[in-house]
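Asker: Residues or ranges marked as active site, acyl-thioester intermediate by Swiss-Prot on the basis of similarity to another entry: Cys88. If you look up Swiss-Prot, you'll see His349, Cys378 marked as active site, proton acceptor.
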Amino acid sequence: MTRVVLAAAYRTPIGVFGGAFKDVPAYDLGATLIEHIIKETGLNPSEIDEVIIGNVLQAGQGQNPARIAAMKGGLPETVPAFTVNKVCGSGLKSIQLAYQSIVTGENDIVLAGGMENMSQSPMLVNNSRFGFKMGHQSMVDSMVYDGLTDVFNQYHMGITAENLAEQYGISREEQDTFAVNSQQKAVRAQQNGEFDSEIVPVSIPQRKGEPIVVTKDEGVRENVSVEKLSRLRPAFKKDGTVTAGNASGINDGAAMMLVMSEDKAKELNIEPLAVLDGFGSHGVDPSIMGIAPVGAVEKALKRSKKELSDIDVFELNEAFAAQSLAVDRELKLPPEKVNVKGGAIALGHPIGASGARVLVTLLHQLNDEVETGLTSLCIGGGQAIAAVVSKYK
């Protein structure tokens, strides 16, 4: 079977809700990475067979945001593109689709990843197409409803985390401690420049003066403590344990990489970072969607012909501390190998981009001692996706 490799994996900094990227459309974040990857590799843009980009909150952006990003990123009109929506798994699903297209011989080079600007998601006025006869009307927050609401139970994703906390007996203190650890790891990594190799700075033009250049993730917080987090009120249930402090944020960002056949990489003298070994997807009861990575990880390992003990580093999306702790318990993961640079609770969770973001961060950790990695994300609606990669040799 054709070996599929990953090269030139990058991401933007992750912006906080209403932060530096509030006026930068998702497709511009994606275009920035596409332009950088082409420049970095020296690849002829016309060599790219297809562009596949995850993006969840598409309303108001225009037709096919992936195509917009591709064109604005400097790719010729002849390169096709399409947009993927598998909620939080969109970015990784895009990479899986690229992988599948290469294995089947349809493509040789695909630009794949994810992008999201949650700050720009519009408010909707449903049932207004043909006017209102009388009475009050309300708006629907497309970010909350299309991105963060379990449609089957009509409640926020945070309730699914509360369900897991109850089912697994995960305390508020355990969740807050997990969140503090995530922040501390991210602070340390950021201060040590450990994200520098994966981040492409984003220049934002201003009406007056020089552009603002964003170089670091905005959500990383110093001086966070369990004591401080314990003062926060529950966000989703009056007597709940999930808070804004032990959940991932609402964020903006993008991540992208080249997915190639090994033969094409050799032909073009592009040095791969890793080999894609296999993927796994899984579904569970939507009310406990956060536990779905357990099944996805097991399937990805089986298809990769690896055991959990073979994995040197894990990048698992931290949707919620309760959700992450439940998955860690089920899989019995070694904590020293999981999210060693911090996770989404600290870095942020731009939903359509996160699947690619966790893989980008993982790829930049591979070396002679860290040779095999696994990444996974839970997905609203009761799903999950996982991937296993190995350092290219």
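Keep in mind that glycine also has a Cβ here, set from the backbone N, Cα and C atoms.
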Asker: When neighbour density is defined as the number of other C-beta atoms within 10 angstroms of a residue's C-beta, which of the active-site residues Cys88, His349, Cys378 has the lowest density?
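Answerer: Result for the active-site residues Cys88, His349, Cys378: minimum number of other Cβ atoms within 10 Å at His349.
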Asker: Roughly how many angstrom lie between the C-alpha atoms of His349 (active site, proton acceptor) and the residue listed as 'active site, acyl-thioester intermediate'?
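Answerer: Cα of His349 (active site, proton acceptor) to Cα of the residue listed as 'active site, acyl-thioester intermediate' measures 8 Å after rounding.
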Asker: Expressed to the nearest Å, what is the distance separating the residue listed as 'active site, acyl-thioester intermediate' and Cys378 (active site, proton acceptor) at their Cα atoms?
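Answerer: That separation, Cα to Cα, works out to 7 Å.
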